[in-house]
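Accompanying notes for the structure given below.
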Amino acid sequence: MQNYKFLKDINFPSDLRKLSENDLQEVSNEVRKEMIDAVSETGGHLGAGLGVVELTVALHYVFDTPNDRLIWDVGHQTYPHKILTGRKSKIKTLRQGNGLSGFTKRSESEYDPFGAAHSSTSISSALGMAEANKLSNKLNNIIAVIGDGAISAGMAYEAMNNAGASKTKMIVILNDNDMSIAKPVGAMRTYLAKLLTGKIYFSLRETFKLIVSAFSKRFSVKAGKAEDFLRSAVTGGTLFNSLGFYYVGPIDGHDLSTLIPILKNARDSKHQGPIMIHIKTQKGKGYSYAEKASDHYHGVSKFNVVTGEQVKSGTNLPAYTKVFANTLVKHAERDSKVVGVTAAMPGGTGMDIFAKDFPKRMFDVGIAEQHAVTFAAGLATEGYKPYVAIYSTFLQRAYDQVVHDVAIQSLPVRFIIDRAGLVGADGSTHAGSFDITYLSTLPNFIVMAPSDEAELVKMTNTSMTINNKPCAIRYPRGNGIGVELPSIDENIEIGKGRVIQEGKQVCILSIGTRLEECKIAAAELKNKGIESTIVDARFAKPLDQELILKCAREHEAMITVEEGSIGGFGSHVENLLSEKGIFDKGLKFRTMILPDIFIEQDSPKKMYDVAGLNASQISKKILDILFTKESIKVVKN
């Protein structure tokens, strides 16, 4: 840590509160420097945290955290919060194995009263805490901080609707930086822009600051006529007022001389109901490279602080995301019915590539996964070919729509599921562990998992031909293995796997990108005199029953390997073998799946070590099946 004037002596917010208000801007500057220094070494979310440094300092200065509950939506903006709440010495372990989480986490600190990583949960959880306090006759404050992107999601509207009718005091800080990950979209964004650019805001901005300063003592003591005047003068009627919120703003979120008295006023207010404080901030504030390109500095790899240059991956292998996007563009050039849908993640899913060539056929619906799925279903009813590109972890948020609006109606929506399996530094909140399970259980679904980038191209090609039911293609974060890519005319037969190599004793059924580990495991077994058949199953649904049953009858043992949880591919294979009476004939069988735990952040390789799904663990499992007395074996009568 640098030799800071103030930060060196701040370990907890109680230390911060000992300082004069006049010192807080320098504290903010030091926190900002420390954050930039840390993220330059660890990588992580940079821009969002830089934009809320002053807000973070002000909140911990004004409120009695952790007794007062401070809830951050999403949590990727909480690095300054972590620096000020007892985690300063560990800040350079962010997103590392056994290090600090990149998000808020209840088990990490009492200053994190609610864990986060997915968006739009803060107002709901804050309202729950506020109602609990009312029932318990507690007087502590509950504060939720939510961004302009996250507040556009349906869950946030549901929470505001409930909060406005509750007459329960809570404080919501709307952090408006005009940039969630990609630029926010939709009517809410337009509405907030009008609030920020209207004549009232600009003409009264300085006047507002002066009045707050003049009445600062009165503001800190009680709400009065000055507060009522400011509220009516600055806001007039707003959507938030209509929802039952006492709305103040918009105000400059980097101006501590304005923030602190307004937060004190909200803290001390006797208003019975929710209070909304709308602040305007700049994502990437204080670091010129992040200010100029805030979308590219949302999440960063390690970087040079002086030049802003990020460390490149050092590989020329194509990313799965880009392989899919480029393949879809080629199909869209041929077929005008191809359309893209994403939920506020065009860059992460590769749909920004599609949008450059087909802007009118690309729909970014914002942080609205439920809407995205049903919107795509509507497109499908009119003969279009919607591709919903979404992270596995975020598709979970729209499961009812997948079932009710897509699967039951057998609509040909194509789900392109990125970040399947274990994802590394973002940890358990972003892992794609469950999609094979929750999609393969649905009637009318086709579920595919490519073993490499060439297979991804073939599956994307094949999805173009599926016009009577939904399908899904799931693939991991990261790069392929360097195989040659096929043309867009090369399809695969639905429900048919492929044999990679043939042996006599054991059959390894792999689905997805664990195939390379299975090959290494088979080589290890060969050195021990054990011959293995390897099958790339390709499809979790429908299963290649003919191939699976043939392999089961011709081998002493069979093992399935997948990057998914219980109830997925292996469970469906086991059910097939049971129904066909294969176990009655003595087959030794095991499934290798993700364990029944949430695996914490680390490198993907280390996470798969924890999961028991790397090559040496696969070969050991097979040896156990073949040679231990405890192996599962159903003997003939």
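Glycine residues also receive a Cβ, built from the backbone N, Cα and C atoms like all the rest.
DSSP gives HIS118 (thiamine diphosphate binding site) a coil state; it is part of no helix or strand. Long-range Cβ contacts of HIS118 (thiamine diphosphate binding site) within its own chain (separation 6+, distance under 8 Å): VAL74, THR393, PHE394, ARG397, THR429. Marked as thiamine diphosphate binding site by Swiss-Prot on the basis of sequence analysis: HIS76, ALA117, HIS118, SER119, GLY149, ALA150, ASN177, TYR287, GLU369.
Feature annotation from Swiss-Prot assigns Mg(2+) binding site to ASP148, ASN177; the stated evidence is sequence analysis. Cβ-based neighbour count (10 Å, all protein chains) for ASN177 (thiamine diphosphate binding site) stands at 24.
When the Cα atoms are compared, GLU369 (thiamine diphosphate binding site) and ASP148 (Mg(2+) binding site) turn out to be 16 Å apart. Here the Cα atom of ASN177 (thiamine diphosphate binding site) is found 7 Å from that of ASP148 (Mg(2+) binding site). Here ASP148 (Mg(2+) binding site) is positioned 14 angstrom away from HIS76 (thiamine diphosphate binding site), judged by their C-alpha atoms. The Cβ of ASP148 has fewer other Cβ atoms within 10 Å than any other of the binding-site residues ASP148, GLU369.
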